[in-house]
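*Asks:* Take a look at this one; I'll ask things after.
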């Protein structure tokens with residue numbers, strides 16, 4: 001009887017482990033908008049590169065699955081995830097209350113503050129008084145767009161939405177908008193530290209609103225994909241513990257991108 005109970009226990013344990021493994025797809029289709037350097041963009045060979053891309057590849061390796069990247073505009077990523085056209089989102093996606101009503105997230109991958117970028121000779125600050133009558137560029141589907149439309153647009157500030165962060169910077173340098181509003185790190189590394197951004201600066205301090213901007217960024221998943229989320233969280237915790245996360249981050253940043 002003891003042998004029978006032991007054998008049955010082993011079978012149940014194996015079946016449970018097998019079921020959990022089977023719940024993780026052999027190939028994960030990861031949606032991304034490759035216009036947001038240094039997190040996701042394309043190099044001169046047309047290859048996807050960036051911190052998010054490196055993180056996703058490492059996470060997929062650790063959970064023993066293949067990852068395929070699917071390019072989409074940011075505002076199409078959540079609808080694509082819910083429609084099962086993709087299995088995950090890795091695109092500097094802030095973890096916000098509103099988004100958590102629609103999808104699930106992994107644990108925080110890194111911090112995300114939002115700031116204005118303006119010309120060096122500009123005195124624009126992120127206040128209603130300073131921005132009134134100005135045109136502010138934002139990326140469609142971002143928390144910055146939501147904040148601008150809720151807090152600034154009703155006060156006489158024109159919020160101009162774009163598909164593709166590069167289009168925002170192009171209009172900023174051409175003088176068609178007065179400021180660009182985006183993630184602080186993306187603006188610093190992807191624009192201000194590049195030759196094209198030499199005549200620009202941050203306009204004032206970061207804009208704080210935990211309800212809209214969330215508590216950091218994560219990988220977006222469907223709510224029902226609990227096993228996948230747990231596996232990714234475990235793999236990410238291991239990356240943080242063994243130094244892999246820090247090694248990848250140092251390729252792109254000279255500061256603690258994870259934050260407090």
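Cβ coordinates are placed from backbone N, Cα and C, and glycine is handled just like the others.
Note that the structure is predicted; figures quoted are calculated from it, not measured.
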*Asks:* According to Swiss-Prot, 91, 92, 94, 99, 183 bind L-histidine; which of 127, 142, 143, 146 is also listed for that site?
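*Replies:* It is 143, as the record lists it for that site.
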*Asks:* CB neighbours of residue 183 (L-histidine binding site) within 10 A?
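*Replies:* Taking all protein chains shown, residue 183 (L-histidine binding site) has 27 Cβ neighbours within 10 Å.
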*Asks:* With every protein chain in view, how many other Cβ atoms are within 10 Å of the Cβ of residue 91 (L-histidine binding site)?
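*Replies:* A count of 27.
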*Asks:* Relative to the mean position of the Cβ atoms of 91, 92, 94, 99, 143, 183, the recorded L-histidine site, which additional same-chain residues have Cβ within 8 Å?
*Replies:* 74, 93, 96, 112, 142, 214, 217
*Asks:* Cα distance, residue 60 (disulfide bond) to residue 143 (L-histidine binding site), nearest Å?
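*Replies:* That separation, Cα to Cα, works out to 27 Å.
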